[in-house]
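The transmembrane segment annotation in Swiss-Prot covers 48-68, 71-91, 105-125, 137-157, 164-184, 194-214, 218-238, 262-282, 292-312, 328-347, 402-422, 429-449 (among others).
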Amino acid sequence: MTQPASVRWQLWIVAFGFFMQTLDTTIVNTALPSMAASLNESPLHMHSVIVSYVLTVAVMLPASGWLADRIGVKNIFFAAILLFTLGSLLCARSETLDELLISRVIQGIGGAMMVPVGRLTVMKIVPRDQYMAAMTFVTLPGQIGPLLGPALGGFLVEYASWHWIFLINLPVGIIGALATWFLMPNYTMQTQRFDISGFVWLAVGMATLTLALDGNRSLGIPPIAIFALIAIGLIALLSYWLHARRNERALFNLRLFDTHTFSIGLTGGLLARIGSGMLPFMTPLFLQLGMGFSPFHAGLMMVPMVLGSMGIKRVVVQIVNRFGYRRVLVASTLLLALVTALFALVALMQWIWMIPVVLFFLGTVNAIRFSTMNTLTLKDLPDPLASGGNSLLSMTMQLSTSLGVSIAGILLGIFSQPHIAAESGATHTVFLYTYLSMVVIIALPALIFNRVPPDTLKQSTLARKS
């Protein structure tokens with residue numbers, strides 16, 4: 001990839017944004033037990049720290065591309081980095097869980113805009129024939145983030161404090177914001193009117209239903225308010241459906257669901273990612289509270305999972321071409337349920353030596369399923385609907401992760417005692433029952449993926465979309 005120096009600097013700016021966002025998604029998980037102790041909260045009720053961020057990203061994603069086109073990629077990317085950095089500072093200064101959750105929402109608004117606006121920036125600054133090479137360059141730091149995050153988070157918690165997992169964003173964010181302001185051009189595009197009504201209906205529906213899912217246990221919301229939240233959420237989603245039926249310029253066109261593979265991929269992927277979303281949250285908790293590992297040791301133990309994920313991506317295309325979408329999705333879903341069951345066995349038998357092996361296979365199977373799900377969902381969409389389908393898929397991925405973490409927190413709360421100590425028999429029982437429940441949830445999408453139609457032209461389709 002040969003580019004002028006100015007363009008290379010702009011690509012580096014986007015790459016830094018990708019790195020900040022992906023690092024944050026993994027660095028926090030390892031620190032949750034220490035954060036709980038500092039804030040006088042139960043470590044099994046800290047999932048709201050993850051949910052608040054991921055749900056905010058899901059809600060804000062649909063607006064990010066339109067804002068970038070209307071206001072300019074430089075202005076929005078600059079604002080995104082500032083918001084993310086400000087949110088990080090506020091997270092580090094939080095003294096209560098409520099303060100931390102508000103700060104995570106601010107951080108999530110910035111995080112929601114960084115990655116999609118970064119992609120849009122790359123599209124505008126490089127020729128189309130060099131787009132793939134440029135995206136490979138800017139996403140490489142994003143692949144390093146998940147690898148570095150758990151170990152770095154554990155190291156900072158163990159040898160400094162949990163506040164530093166947020167403070168390390170400050171110098172990177174300040175440098176990134178200054179570089180964006182002085183080096184990035186402010187591309188704009190003529191835009192159609194933004195579907196504000198559809199955006200509000202979807203945002204209200206997602207937020208209220210997610211809050212209702214765990215509001216009683218985590219936030220102490222009374223049952224009558226929970227029922228009200230559920231009613232508001234369902235009414236909001238129904239209102240969006242009615243709105244989109246009569247509006248061709250709706251945020252997400254309902255004609256997307258006329259494509260059979262998109263419908264199966266989106267619904268199956270939503271349920272599948274609910275199950276998968278539980279695992280990155282559960283694993284650091286299990287290693288620290290269930291197995292008695294230090295934060296740094298627990299973070300290092302997560303590395304095999306990332307290595308398994310990165311290693312298998314090179315051969316996913318060949319696997320799908322050989323066996324087809326339906327077989328790969330059904331088999332990988334059931335294999336993931338089996339690997340999750342092995343966590344229950346580890347909790348029961350205390351087989352510490354088995355943990356890196358289980359985590360490696362967890363990362364491998366997850367990567368196969370994710371890549372195949374994403375490709376299946378988008379591969380048959382007509383070109384006019386492809387952009388909207390991709391945006392809806394991105395939003396659904398974040399929403400399902402939020403739901404998965406919420407459900408994992410609910411399961412932990414159901415099975416836990418009021419006070420537990422690391423390495424206690426009660427703790428092992430909590431994780432044993434939680435993992436066994438997760439096995440059922442993770443296996444369920446196999447029923448949906450079994451409806452994938454017979455594969456045709458697998459190689460050309462996957463190679464073009466992956």
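Each residue, glycine too, has its Cβ placed from N, Cα and C.
A quick note: this is a predicted structure, and the numbers were derived from the prediction, not measured.
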Ask   = Where else in the chain does the transmembrane segment (328-347) make close Cβ contacts, counting only residues six or more beyond its ends and a cut-off under 8 Å?
value = 268, 272, 275-276, 279, 282-283, 286, 290, 319-320, 354-355, 358, 361-362, 365-366, 368-369, 372-373, 376, 428, 431-432, 435-436, 438-440, 442-443, 445-446, 449-450, 452
Query = Among 71-91, 218-238, 429-449, which stretch has the most Cβ pairs under 8 Å to the transmembrane segment (105-125)?
reply = 71-91
Query = Does the transmembrane segment (292-312) make contact with the transmembrane segment (137-157) through 3 or more Cβ pairs under 8 Å, each pair 6 or more apart in sequence?
reply = yes
Request  = Between the transmembrane segment (137-157) and the stretches 71-91, 164-184, 194-214, 262-282, 429-449, work out which stretch tops the count of Cβ pairs under 8 Å.
outcome  = 164-184
Query = For the transmembrane segment (262-282), which recorded stretch in the set 71-91, 164-184, 429-449 gives the largest number of Cβ pairs separated by under 8 Å?
reply = 429-449
Query = By Cβ distance under 8 Å, which residues at least 6 away from the ends of the transmembrane segment (429-449) in the same chain are close to it?
reply = 44, 264, 267-269, 271-272, 274-276, 278-279, 282, 285-286, 289-290, 326, 329-330, 333-334, 336-337, 340-341, 343-344, 347-348, 407-408, 411-412, 415-417, 420
Note = Counting only residues at least 6 beyond its ends, the same-chain positions whose CB falls under 8 A of a CB in the transmembrane segment (194-214) are 47-48, 51, 55, 58-59, 62-63, 66, 70, 221, 226, 229-230, 232-234, 236-237, 239-240, 243-244, 247, 249-252, 399, 402-403, 406-407, 409-410
Key: Same-chain residues near the transmembrane segment (218-238), Cβ under 8 Å, at least 6 residues beyond its ends   = 45, 47-48, 201-202, 204-209, 211-212, 409, 413
Remark   = Residues outside the transmembrane segment (164-184) whose C-beta sits under 8 Å from one of its C-beta atoms, at least 6 past its ends, are 6, 9-10, 12-13, 16-17, 19-20, 24, 27-28, 31, 73-74, 77-78, 81-82, 84-85, 88-89, 91-92, 121, 152-153, 156-157
